[in-house]
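TrEMBL annotations:
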TRANSMEM  20-41  transmembrane segment
TRANSMEM  61-78  transmembrane segment
TRANSMEM  90-107  transmembrane segment
TRANSMEM  113-133  transmembrane segment
TRANSMEM  154-174  transmembrane segment
TRANSMEM  186-207  transmembrane segment
TRANSMEM  263-282  transmembrane segment
TRANSMEM  294-314  transmembrane segment
TRANSMEM  326-345  transmembrane segment
TRANSMEM  351-375  transmembrane segment
TRANSMEM  387-410  transmembrane segment
Amino acid sequence: MTDANDESGAPARTEGKYTALAVCWVLGLGSLVCWNSMLTISDYYYQLFPHYHPSRVLTLVYQPFAVGTIAILAYYEAKIDTRWRNIRGYSLFFISSVLLIVLDLVTSGKGGIGPYIALCAIVGSFGVADAFVQGGMVGDLALMCPEFIQSFMAGLAASGALTSGLRLITKAAFEDFHNGLRKGTILFLAISAAFEFLCVVLYAIVFPKVPLVKYYRKKAASEGSKTVSSDLAAAGIQIQSNQQEDKTELLSKKQLFQMNMDYLFGVFLIYVLTLSIFPGFLYENTGKHQLGSWYPLVLIAMYNVWDLIGRYIPLINCLKLESRKGLFIAILCRFLLIPAFYFTAKYGDQGWMIFLTSFLGLSNGHLTVCVFTAAPKGYKAPEQNALGNLLVLFLLGGIFAGVSLDWLWIIGNGSF
């Protein structure tokens with residue numbers, strides 16, 4: 001294929017753009033569908049392990065594996081083949097999802113410390129897969145057009161909305177059956193595993209052959225990126241070694257960190273706040289309700305739906321936050337939600353809690369996309385890949401800090 005481009009270096013045609021956007025959306029969905037599945041079936045795990053705080057413990061188990069793995073991958077990102085990284089990440093998601101089903105079948109849906117430890121081990125593998133996929137995909141898409149990252153981020157949020165919807169459907173469908181909660185959960189996990197297998201196929205076979213994707217990867221290779229060679233080879237394009245050398249000196253990770261501290265700490269703070277409330281507080285501290293009831297599932301669903309909506313708002317130019325100072329101030333203002341949730345849980349009704357949860361999701365999605373689409377602009381492809389990995393590192397670090405702080409709701413106040 002001959003890629004035409006105008007004088008500015010931008011592609012003169014957008015052949016395959018909408019196909020790429022659709023694939024990015026599905027790949028984003030697959031990046032979090034497993035983890036969101038774990039969150040939305042917490043009602044089942046509370047039935048099996050009522051004394052082990054599943055929504056909090058499993059989230060806390062997940063994050064050290066994710067943060068530790070992404071820290072290593074971010075350090076070596078320039079030497080790691082993106083195709084190798086992403087395919088293995090999605091494959092690990094698929095295998096781990098199947099193992100959840102196997103674990104439940106082998107233990108016949110029984111609780112106890114043994115099955116709980118095995119469950120935690122599988123959750124740890126989800127964390128490793130998450131680090132492979134999110135850092136790999138964001139780094140890969142950062143060297144392409146911003147719409148691809150926006151679509152991928154929207155897919156991340158769609159995974160939450162989709163899993164919440166499917167969970168409500170499967171819960172309702174099996175509610176009147178004997179052992180219906182367990183049967184609905186197994187069906188739900190099977191659907192999640194199928195999505196992961198689809199992502200493996202899409203990334204390995206479909207995405208590398210999209211014309212616009214090939215253009216951006218060839219451009220990245222010409223700027224010195226060594227992470228795209230396998231994807232170009234999968235598309236039938238061979239890049240000569242001398243074509244991959246760009247004589248321009250690239251910015252180091254330290255320089256990128258110093259130049260983008262507001263973006264990096266901004267995304268860290270977004271997820272510190274979000275994960276200090278979601279999902280543990282919503283399951284255990286939202287007023288008197290029976291664990292396993294519909295109320296916490298509705299709260300999780302409302303968060304996920306509005307998170308998805310928030311990730312599409314930046315497509316409206318007048319609503320997109322582009323000022324670096326304004327973006328950081330908006331991120332700091334979200335911390336007012338902590339006292340708002342505290343007093344609503346103690347004195348408010350369920351309607352106000354649903355409203356606050358919806359705003360938490362809306363602001364999370366909107367601010368995340370604003371940061372991830374703005375930060376990589378103006379850099380060369382290898383620098384964009386490195387910055388994308390740094391952003392994911394700080395995102396996962398924020399999640400880890402958030403789920404750790406989530407325990408303060410229990411330590412300080414107990415269940416409201």
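Cβ atoms are placed via backbone N, Cα and C, with glycine included.
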Answer with yes or no whether the transmembrane segment (294-314) touches the transmembrane segment (387-410) by the criterion of at least three Cβ pairs under 8 A, sequence separation 6 or more.
no
I'd like to know if the transmembrane segment (61-78) touches the transmembrane segment (154-174) in this structure, counting it as a touch only when three or more C-beta pairs sit under 8 Å and are separated by 6 or more positions.
no
Do the transmembrane segment (186-207) and the transmembrane segment (61-78) come together with 3 or more C-beta pairs under 8 Å, pairs six or more apart in sequence?
no
